[in-house]
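Q: Mind looking over this structure? Questions follow.
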Amino acid sequence: MNNKRQLPKMTLLAGMVSGTLVLAGGTAWAAEDFPTNPINVIVSYSAGGATDFQARIATSKAEEYLGEPMVIVNRPGAGGQVGWNYLVQNGRDEGYDIAAYNVPHFIAQSQMYDTHYNLDNLEPIANWGVDPAVLIVGRDSPFDTIDDLVEYAKENPGRVTVSGAGLFVGHHIATLQLENEAGIELRYVPTSGGVDALRFVQGGQVMAGFNNLSDAYRSQDRLKILGIADLERDEEFLPDVPTFQEAGYDIDDSSVNFRGLMTRSGVSEEILDKLSEGAVAMFNDEEVQAQLKDGGSPMRVMGRDELSEMWQERHDYLEELFAGLDPEELEEAAEED
Amino acid sequence: MTGHRQHRLTAVGALLVAAGLAVVSFMPNVPGYEFPQMAAIGAMICAAILVLLALVPRQPITTIDEEPIPWGGIWPLLLILFGFLLVMGWLGFFATSFLAFFLITQIYSPQRFHWRGAIRGAGIAALFLGVLYLIFVTVLRVQVPSGILI
Amino acid sequence: MELFQYLPQVLSGWNLMILIVGTMVGLLLGATPGLSPTMAVALLIPFTFQMDATSGLILLGVLYTATVAGGAVSAILVNIPGAPANIATMLDGHPMARNGRATEALHYCFISSGVGGVIGVLVLIFFTPLLADFALRFGPSELFWIAILGITVIGSLGSTSVLKGLLAGAVGVWISLIGFNPVAGTERFVFTDHLQGGVTIIPALIGLFAIPQVFQMVEDARRGRGEEAFGMEQRPVWASVVYNLSKIRALSIGSVVGTLVGLIPGAGGQIAGLIAYDQNKKLSKHPERFGKGEPEGVVTSESANNSMVGASLVPMLSLGIPGSPTAAVLLGGLLIQGLFPGPDLFTEHASVAWTFMGALLVSQVLMVIFGLYISRFSRYVIRIPKHHMAAAVAVLAVFGTYSVQNSVSDVIIMMTMGCAMYFAMRFGFGPGPVVLGIILGPIAETNFLQGQMLGQAMDGTFHYFFTGGINMFLIALCVLSIGYSIIAELKVRSRQRSQSPGRTVEVKS
């Protein structure tokens, strides 16, 4: 192109364009300066969902703590696989591409499906939220306790429908655990998100459901919350709801939904530490904490070391759980139609 | 009469496309493909009726709504759009858009090519993209593919 | 009325300023071909993070209203719908513009949007608790039948032959099923990694409508038809207002259908405009005028499109379930401003809720005023030389597609579908049915699979889908809709055959 000839005629525009060129070209990628650009945060779910909403609040103070803002990029699809695959396949290893994760969801998916990501090519950064699965039934449901539901399911095997936010998310795992522990057969109906799963319970389309504590807490007037799949009661939000263990079912906290930030492996140790420290401080910011609490999202801030340990623990447990399941049943779950 | 022939060809082509979809949908022998199979069968049925209506009567009953493809006019645009995809990741969105904008305006300008017109075209392209850049990148912080240029 | 208590706050200095600027920006972004209203709202939401709650909520409300209305402008002037909801507007709006009635079409579009919008917001204000329970009654079986009802609309979508329309619709459904199915857990037809996320609606919409339009425009430019576009008639606003408000049937069909469809979570307010358009066409004395520049078509689809705005907020504000994709994006912004969906919205968070509603109501009025004002400038848009317009639309299409999910795959999908559509259009296939298929395919499949699982757990799949009041009502609507289409088709055909025996007969759907 005859770029040279145009220049005199539109000095202003050319100046503007070349000015941005210099900016883009002069960026240094050294770890000491990190970050010099906005950081992209991939959210594997569509805008408006619980993960998206929490991620937006949790990262809102990035400019203050890391020096650059975090930009949320929604890459929904394939139950989260699209976004996470994108991170390990197309993300740069310079710390500018990070993603929000959902444990145990992404670990279970990497075990059950042919995904590009797994624990080995991902690096944890920091955890902000913890959201246990709770067992809910509609307001007019005849079930008042976990025992009521289990008893009914024993008498009517396969007739109790349970909704959850998708295949192999925490809700699904809690359902599998309950089936194993109580020796009952439930029919798990995956929906395309936690909100839909909640709607099915509220509207009476399903008999029960596992859902996020935070979402169930917000719609309590249309629901009864029977049990919480965690090791301890939630004293702050739902002090009266018993844990499954109290009710006599040995279900631990494996289905608890942890939310936080991760990046692909290959990012240098210094950048990882910088990101992690900044993120932990950001999640501990009073305003961020207050905003998340207002939204009914319980917080637990964790750093890199604690997080790697937790990931590995979940990974091993899930492997055991899936191995212990009837292979036929699993196949059915994976190919339910 | 050519219209009629093209009409028949369209019907047969549609049937082939629908059959292609059906083959792809029925090949994997695992559950979970029922809906694509239904959609493909639906397409096949429509295409089959289309073929019957177009081939059997001597005069077609359905509307002849086919138009010839103006290949002479569109191949440069096809090339530009294809090139856009190829070059965008390497050169960057704004640089590629500038080229595409400039080429489209120059090739399809009703006036004959003239240096003066080309410079004006480049100016308009730069102005348009400059405004786009200012609004979306500077103010709204939209991310676009960036390559060796912007 | 608590609303009036908070209105002065909405209308005070700084907030009024936000309202006005928000309306202008929203209208312009919504009107840009290649940029969807959903996208425009998503882009502007970050600005509300830094504001105090009142201003932030006002900006959100005004953006939602203005972008949805703005989507119709590019449909009328450039023949590219801003959102799926604007496809129906395009069917008559663009022919009107071609006949030199662009200003008039824009007038109807904004007036009807205003009427529908106000009705939607009033429904939101007065009937939210009542309608929330209604919305909850729509389970998988009901949503499945709504999807089927949507498919029966294909016949009205303006391709010349119903058969070709149905064929294109089936192909659209097939395309929508590419990718991962979250219910079945299967990955289908992922021939390349680019298809992993499936074909989503915005890239498909932009590709199917904008790219063929680019081809059309360069072809026009090359033939020398580029400079003199269609003419423009002057049209006084008052005449449009009088005419528009006299179209009571079109307005009421639009508003009622839009409100109902908007209320139903998961049905996607995207099809509100199309269903309303179809209903009005079927009830009209002159169905043959539709698709050729019938003002009623614009009136119905735009009033439906905007009454959906308020209605889609009913399930969202009371239950946290967004009724449309744009509402879903808006939800994130509302949550950050401390507006938490739920029954205590009007009691505990009254000030926040009423401010937002007030902003919605005021922004409807502002949208009409500014919309009518910018209608005068449509002649400048129309006068842009075709080759410049083509280049701009091509660039914007790529930009608009990429920025939805920052995905190059989406751009590739958009381009491929767009080029394929251009050739398919030469063979008499229209883009409308394909888009409708892509919207409805996943709704039908997901809800059918879920319904099947529920049915098996209860009294059988058949029983589940064919019992219950709403199900039967929807099935009846489907049967009526199909029956009407067949009868209308036969009538037209027999009339034309008797007129010209033995000759090639034109059959218009």
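The chain as shown is numbered from 1 upward.
Quick reminder: no glycine exception, Cβ is built from N, Cα and C everywhere.
Feature list, courtesy of TrEMBL:
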type	residues	note
DOMAIN	B:12-145	domain 'DUF1468'
TRANSMEM	B:38-56	transmembrane segment
TRANSMEM	B:77-104	transmembrane segment
TRANSMEM	B:124-144	transmembrane segment
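Help me see these features in their spatial surroundings.
A: Listed as Cβ neighbours of the transmembrane segment (B:124-144) (distance under 8 Å, sequence separation of 6 or more from its ends, same chain) are residues 92-94, 97-98, 101-102, 105, 150.
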Q: Determine which residues of the chain contact the transmembrane segment (B:38-56) at the Cβ level, with the cut-off under 8 Å and only residues 6 or more beyond its ends counted.
A: 7-8, 10-12, 14-15, 17-19, 21-22, 24-26, 62
Q: From the DSSP assignment alone, can you count helix, strand and coil residues within the domain 'DUF1468' (B:12-145)?
A: 99 helix, 0 strand, 35 coil
Q: Over the domain 'DUF1468' (B:12-145), what is the model's average pLDDT?
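A: Reported value for the domain 'DUF1468' (B:12-145) is a mean pLDDT of 87.
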